[in-house]
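Database features (Swiss-Prot):
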- 27-71: disulfide bond (DISULFID)
- 34-56: disulfide bond (DISULFID)
- 40-65: disulfide bond (DISULFID)
- 44-67: disulfide bond (DISULFID)
- 1-23: signal peptide (SIGNAL)
């Protein structure tokens, strides 16, 4: 019986850890091409607020403007 209980402890700990990590990561959005959006960081702050950050992900071509911002409280985390 003790062994069965201990095998459930680790999965429960990992589920709780992943739930907490997902809440702290925030939300992400793609605004468009860095060739069109010249100031990615400024555009993200304008659209999502002063706590937002933006970077141009140069994965190919002109790159993609990626925004990171705090998730609204009413958004569900799944």
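Note: Cβ is positioned from N, Cα and C throughout, glycine not excepted.
Note that this is a predicted model, so its numbers are computed, not measured.
Among the disulfide-bonded residues 27, 34, 40, the ones whose Cα sits within 10 Å of the Cα of residue 67 (disulfide bond) are 27, 40. When the disulfide-bonded residues 27, 40, 44, 65, 71 are screened for a C-alpha within 10 angstroms of the C-alpha of residue 34 (disulfide bond), the residues that qualify, in sequence order, are 40, 65. Residue environment of residue 34 (disulfide bond) contains 20 other Cβ atoms, counted within 10 Å of its Cβ in all protein chains. Within 10 Å of the C-beta atom of residue 67 (disulfide bond) sit 21 other C-beta atoms, taking all shown protein chains into account. Among the disulfide-bonded residues listed (27, 44, 56, 71), 56 has its Cα nearest to the Cα of residue 65 (disulfide bond). The shortest Cα-Cα distance from residue 40 (disulfide bond) to any of the disulfide-bonded residues (27, 56, 71) is found for 56. Residue 27 (disulfide bond) sits 16 Å from residue 56 (disulfide bond), taking the CA atoms of both as reference points.
The separation of residue 44 (disulfide bond) from residue 56 (disulfide bond), Cα to Cα, is 11 Å. Around the Cβ of residue 44 (disulfide bond), the same chain contributes 29, 31, 52, 53, 54, 65, 67, 68, 69, each under 8 angstroms and 6 or more positions distant in sequence. Counting other Cβ atoms within 10 Å of each Cβ, the disulfide-bonded residues 40, 56, 65, 71 show the lowest value at 71. Using a 10 Å radius centred on the Cβ of residue 27 (disulfide bond) and all shown protein chains, the other Cβ atoms total 14.
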